[in-house]
Amino acid sequence: MSERGSFGTKIGVILATAGSAVGLGNIWRFPYLTGQDGGAAFLLVYLVSILILGIPGMVAEFIVGRHGASNAARAYYQLGGRWWSLIGYMGAVTSMIILGFYAVVAGWCLQYLVVSLLGGIHGDPAYVAAYFKNFSSDPVKPLLWTVAFIVLTHLVVIRGVRKGIEKFSNMLMPTLFILLLIIVVASCLLPGAGKGIAFLFKPDFSKIDSNVLLDALGQSFFSLSLGTACLCTYASYFSRQTNLSQSALQIAGIDTFIAVLAGLMIFPAAFSVGVRPDSGPSLIFITLPNVFQQAFSPALGYIISVLFYALLALAALTSTISMHEIGTAMFYEELHISRKKGAIMETLVCVTIGVLCSLSCGAADISLFGKTFLECCDYLTSNILLPLGSFFTCILIGWVVPKRIVRDEFTNWGTVRGRFYAVWLFIIRFVSPVCILAVFLHQLGIL
Ligand code: PFF
């Protein structure tokens, strides 16, 4: 237990947790889902989901973590008893699966960063598509990048909470924001950019169906790192002074702002060159290189694509650090081993999942239910395990834990105003569980 650290500053808490939230979810997943699920209509459902499920759910997970001041399994155990520790374990497993497939996509970003630095991918759209297909189905290259990304994450995590996670987040988050702003300005100044802006902000309500609802729900949880025990693990490093509801609001605010900026970076550029942004997960690897080539002069295109893939890799790193920390903390505290050994165990598990995900993209036939292993991991975690994790956390905080503990944590033992406590508790007890269940049942065709 002596190796357990804590965040040193208030801004460190916000940037590290926002670093977890802001990642490929915002810049890869959010734009391709928005492109695929009807633009502004998806954004609207997503915002509602962040507001009524995401932010209250974050506070609930923070309460579990800060009260437990330990890894997620033990934190859930302390509040609810033996069976509830399973939610902590489920969160750790979920985060390992996410880290596995996430590192594959982060590895693709590293490859594209190197290729962009060396001069970019030049050719007609068919060539750009073939390049991605050939690269992602290569048995060796993407696999090496995947492993490299997990090892990079490992190297930060073993430095500990303050010197590793907090220090890197404080550096990387502002850099990321500046890079993003530069590209947004370049994209929005393109001729015809207005169509992309309208696509993002002018909703067509006929586009909303059960798939859009489930995607938006899953995306809001994925983007806030909710339901994986990640927020619970980070909150275990918060101090008694950290205002949980204010922090949740600030982090969700930053996360949503960055997602919208990512939309403003991609859609205006895509529409300006007449490309429809509905190509799915390959949007930023096939559609965008084309857009960069056609929309900007060669010099500007070069700079923008290098900045873009650097941005993606940085954003991914602050998120993979947080996923890694969940399992690392659990391994070393529960097995009473050193933090370094705990981190090695986590790395080994994640590398195994990552390798399978990477190979499933074409090098080997690893598929389930007609989806590649990578797509299965993404669907299983975002659309099922994350909402389930959050559902049970709401039940625990809303119905099982004594109200005195919950109120004390929410108001920092009466030192901050708990103006929204009653509203929040109502949401946690009734609104969130009912909404999550309803979306599930609807998806199963029962409702
Ligand atoms: N929130 C991250 C993103 O949007 O990229 C992904 C993520 C991080 C999911 C940490 C889960 C997690 F535990």
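Cβ atoms here come from the backbone N, Cα and C positions, even for glycine.
Long-range Cβ contacts of the transmembrane segment (7-28) within its own chain (Cβ-Cβ under 8 Å, at least 6 residues beyond either end) map to 102, 105-106, 109, 161-162, 165-166, 168-170, 172-173, 176, 219, 222-225, 230-231, 234, 237-239, 241-242, 247, 250-252, 254-255, 258-259, 262, 265, 281, 283-284, 311-312, 315-316, 318-323. According to TrEMBL, the feature transmembrane segment maps to 7-28 (among others).
TrEMBL lists 40-65 (among others) with the feature transmembrane segment.
Annotated transmembrane segment per TrEMBL: 86-108 (among others), in sequence order.
Among the features that TrEMBL reports, transmembrane segment is placed at 143-161 (among others). Long-range Cβ contacts of the transmembrane segment (143-161) within its own chain (Cβ-Cβ under 8 Å, at least 6 residues beyond either end) map to 3, 5-7, 99, 103-104, 106-108, 110-111, 167-168, 237, 316-317, 320-321, 323-325, 328, 339-340, 343-344, 346-347, 350-351, 354-355, 357-359, 363.
The transmembrane segment annotation in TrEMBL covers 173-201 (among others).
Residues or ranges marked as transmembrane segment by TrEMBL: 221-239 (among others).
Annotated transmembrane segment per TrEMBL: 251-271 (among others), in sequence order.
Positions annotated as transmembrane segment by TrEMBL: 299-322 (among others). If you look at the transmembrane segment (299-322), the same-chain residues 6 or more away from its ends with a CB under 8 A from one of its CBs are 16-17, 19-28, 99, 102-103, 105-106, 109-110, 112-113, 116-117, 119-120, 149-150, 152-153, 156-157, 164-165, 168-169, 172-173, 175-176, 179-180, 182-183, 186, 225, 230, 233-234, 265, 284, 288-289, 292-293.
TrEMBL lists 343-368 (among others) with the feature transmembrane segment.
Only residues 6 or more beyond the boundaries of the transmembrane segment (380-401), in the same chain, are considered here, and those with a CB under 8 A from a CB of the stretch are 53, 56-57, 60-61, 63-64, 76, 79-80, 84, 87, 90-91, 93-94, 97-98, 214-215, 217-219, 221-222, 226-229, 232, 425, 428-430, 432-433, 436-437, 439-440, 443. Among the features that TrEMBL reports, transmembrane segment is placed at 380-401 (among others).
What TrEMBL records for 421-441 (among others) is transmembrane segment.
The stretch in 40-65, 86-108, 173-201, 221-239, 421-441 that contributes the largest number of Cβ pairs under 8 Å to the transmembrane segment (343-368) is 86-108. Against the transmembrane segment (251-271), the recorded stretches 40-65, 86-108, 421-441 differ in Cβ pairs under 8 Å, and the greatest number is found for 40-65.
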